[in-house]
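Since the structure comes first, as structure tokens, the remarks are kept for the end.
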Amino acid sequence: MSEAAQTLDGWYALHDFRSIDWAAWKAADDEERAVGLDDLRVFLQNWADTEEAKTGSTAIYSIVGQKADFVIVHLRETLEELNALETEFDKSTFADYTAKKFSYVSVVELSNYLGKGDGTDPHEKPEVMARLQPILPKTKHICFYPMNKKRELADNWYMLSMEERQTLMRSHGLIGRSYAGKVKQIITGSAGLDDWEWGVTLFSDDALQFKKLIYEMRFDEVSARYGEFGTFYVGNLLTLEGFEQLLKL
Ligand code: VOV
């Protein structure tokens with residue numbers, strides 16, 4: 001049996017994709033819409049307070065195209081907290097004007113492919129903890145997709161030796177690092193949590209960098225031979241002002 005990579009696991013992640021029920025929003029009167037908007041303001045404030053207290057992080061992006069209208073990405077310490085956030089939102093008046101489109105549950109993950117560490121507990125290292133419990137960047141754009149590593153007879157990632165996988169991941173990391181300062185990645189593991197093995201969440205101020213990075217990675221063996229990809233979502237940062245503008249009739 002090949003040796004499994006060791007992972008460090010951080011905050012749990014919920015990617016909650018919603019659409020806006022424009023018919024319901026338009027059918028509501030000014031007062032009802034004001035109540036909905038007030039709800040939204042309270043949610044945004046609560047999520048910002050959690051981020052301020054460093055007990056979680058939330059980012060909201062509008063989604064371009066017909067797959068959804070917006071996504072709320074929550075990182076929290078426990079699955080229970082994610083569940084509670086989701087339910088609280090569902091119960092709100094604002095949620096009456098939205099519909100669920102897609103969701104993804106995973107946990108922020110770092111693996112030991114590229115470094116064995118120096119023997120000290122990684123949880124004592126601020127730079128490791130900052131990656132396991134990241135404050136989501138509020139860049140102009142987001143890109144999200146789920147992925148697997150292939151398990152076909154000829155191309156089975158899980159039957160490669162640790163050394164082979166390390167060599168392959170080194171090349172993956174090199175391509176990734178050439179996008180330093182342009183694209184920030186948050187890899188979340190989801191084996192046993194959702195339908196794919198990983199969620200890939202990318203942040204950038206220039207959406208073209210998503211295309212360049214993902215295209216370049218397709219030529220790297222880790223992706224070319226072993227990568228399998230789900231649906232891609234791309235979007236634009238939504239601040240409170242952006243949300244108010246979006247909902248203006
Ligand atoms: C933005 C750049 C970027 C950078 C710097 C980067 C670097 C790294 C490093 C150093 C490591 C390994 C150690 C760790 O930290 O876990 C990883 C790990 C991983 N990656 Fe990555 N990746 C990037 C970007 C990046 C992208 C764009 C994708 C999607 C692939 C594609 O073709 O669409 C991806 C996927 C992954 C996955 C699924 C894993 C876990 C694999 C596993 O089998 O466990 N990744 N990645």
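Here the Cβ of each residue, glycine as well, is placed from N, Cα and C on the backbone.
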Let me know which member of His74, His172 TrEMBL also records as binding Fe-coproporphyrin III at the site of Arg131, Tyr145, Pro146, Met147, Asn148, Lys149, Gln185, Ser223.
His172
For the binding-site residues Asn148, Ser223, which Cβ has the most other Cβ atoms within 10 Å, all shown protein chains included?
Ser223
Do any of the recorded positions Arg131, Tyr145, Pro146, Asn148 touch ligand 1, in the sense that the CB is under 6 Å from one of its atoms?
none
For Arg131 (Fe-coproporphyrin III binding site), nearby residues of its own chain (Cβ under 8 Å, 6 or more apart in sequence):
Gly10, Val108, Leu110
Could you say which of the recorded positions Tyr145, Pro146, His172 has its Cβ with the most other Cβ atoms inside 10 Å?
Pro146
